[in-house]
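**Q** Handing you a structure now.
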Amino acid sequence: MSFSWSAKDHKSYTNPPSNPTQGLKRPRNDTGNKVTVVLGAQWGDEGKGKVVDLLATESDLVCRCQGGNNAGHTVVVEGKEYDFHLLPSGIINPKSICVIGNGVVIHLPGLFEEAENNEKKGLKGWEKRLIVSDRAHLVFDFHQVVDGIQETQRQATEGKIIGTTKKGIGPTYASKASRIGLRVCDLLGDFKEFSTKFKNLVEQYQSMYSSLTVDTESQLKKLKEYGERLRPMVRDGVYYMYEALHGPPKKILVEGANAALLDIDFGTYPFVTSSNCTVGGACTGLGIPPLNIGEVYGVSKAYTTRVGIGAFPTEQLNATGELLQTRGHEVGVTTGRKRRCGWLDLVILRYAHMINGFTAIALTKLDILDVLDEIKVGMAYKINGKRIPHFPADMELLHKVEVEYETFPGWKSDTSAARKWNNLPQKAQNYIRFVESHIGVPIKWVGVGKSRECMIQMF
């Protein structure tokens with residue numbers, strides 16, 4: 001690779017010319033390939049995998065930037081359902097290279113088990129198309145045990161739980177932030193040194209959790225085997241992404257996990273995940289500059305769902321909520337827990353847009369609303385009868401908000417066969433246009449079913 005400019009091209013300013021720019025060679029304004037980012041705009045489970053699957057058919061590179069196997073995507077291709085937790089769902093496309101970035105935390109047994117399960121369904125050649133950053137942190141089995149212990153302790157001391165997936169994600173990110181975590185490069189380096197660090201890490205956790213037992217020798221033996229299986233896939237992630245950005249033209253896609261309202265900084269804290277699920281996480285989790293971010297697509301259901309506990313202003317604890325749960329098959333891919341359901345909340349979507357700067361929205365599962373007589377949309381929050389102009393950081397306050405709704409007549413007809421905008425009932429079109437105008441972001445896709453063919457492209 002050749003560069004068009006370097007520090008040697010600077011001229012000395014010992015005797016500056018009258019025109020400071022005279023004779024100076026400036027760096028070329030060439031930012032390289034742009035990256036398209038797909039992000040959840042609610043509490044997860046919005047259908048990001050479907051949008052990624054749609055875009056991945058034309059993508060050269062599909063990347064994960066944060067989270068771990070706590071995420072869950074279901075993708076339907078030619079009638080087959082593929083479940084992804086850690087692998088980028090773009091791995092289905094035989095022409096795509098998939099990247100697991102440094103911001104992802106990797107449970108190696110889970111990674112290989114997931115790949116093998118999808119192999120049985122028809123996934124081929126994944127190991128030759130997967131790149132893993134050497135800077136990614138490792139999730140160990142004891143991290144998962146600690147995750148469960150912490151949840152039990154929260155229940156005992158506070159009477160409430162976070163609703164963690166118990167996949168060890170939080171403890172692993174805690175190890176990372178405490179600078180005691182272990183990375184892929186450690187595993188593939190001097191194994192004797194890795195073993196010492198691993199034992200020290202186990203001892204630190206055992207000093208905090210007396211009930212934690214770990215068979216270190218057995219674990220190390222397995223980790224060494226997993227490391228050798230992983231070795232051919234590992235690259236310097238920063239250099240790999242730089243080459244991809246500044247080499248020949250490429251379509252690069254970043255597949256966000258979780259969602260805006262689960263972001264460690266901007267979500268409904270503390271009922272959040274442990275990583276940045278917003279657009280900044282794409283930069284820090286892959287080592288790419290903000291200048292290379294191109295399109296940012298937000299994904300939202302035509303209603304709202306949430307797994308686990310935490311404030312949910314538009315939740316419907318009634319027959320409507322049950323109908324949405326049943327018709328939408330709202331069960332978590334990772335946890336198997338039923339999702340809580342409610343009306344679409346535009347306060348949340350506007351908030352997610354403030355943080356992410358969406359260039360377009362995918363509105364999924366419109367067909368689930370087909371049977372409703374009337375449909376409501378949350379427009380604003382009120383406290384003591386007064387509108388508040390922001391999304392509250394204080395969860396106690398969020399629990400107390402009163403939602404101001406706009407009510408629409410239902411279209412009472414089947415939209416699942418629609419493949420073009422004009423195939424949708426007028427009342428459904430009105431609903432979509434209303435949502436679009438009040439978020440201030442164009443809706444690019446409307447989903448009316450499980451498969452990629454059920455995504456109506458608007459422009």
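Cβ atoms here come from the backbone N, Cα and C positions, even for glycine.
The structure displayed is predicted, hence computed values, not measured ones.
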**Q** Look at the IMP binding annotation in Swiss-Prot, where D45, E46, G47, K48, N70, A71, G72, H73, T165, R179, N258, R337 are given, and name the residue from T196, T273, T320 listed for that site too.
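**A** Looking at T196, T273, T320, the one Swiss-Prot places in the IMP site next to D45, E46, G47, K48, N70, A71, G72, H73, T165, R179, N258, R337 is T273.
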**Q** Provide, as an integer number of angstrom, the distance between the C-alpha atoms of G336 (substrate binding site) and T165 (IMP binding site).
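**A** Cα to Cα, G336 (substrate binding site) and T165 (IMP binding site) are separated by 10 Å.
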**Q** Indicate whether L366 (GTP binding site) is helix, strand or coil by DSSP.
**A** helix
**Q** Spatially, which candidate from the recorded positions H73, T165, V333, K338, R339 is nearest to K50 (GTP binding site), comparing Cα atoms?
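**A** Checked the recorded positions H73, T165, V333, K338, R339; minimum Cα distance to K50 (GTP binding site) goes to H73.
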**Q** Under DSSP, is T335 (substrate binding site) helix, strand or coil?
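**A** For T335 (substrate binding site) - judged by DSSP and reduced to three states - the answer is coil.
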**Q** Nearest to V448 (GTP binding site) in three-dimensional space, by Cα, is which of the recorded positions G72, H73, T165, V333?
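**A** Among G72, H73, T165, V333, H73.
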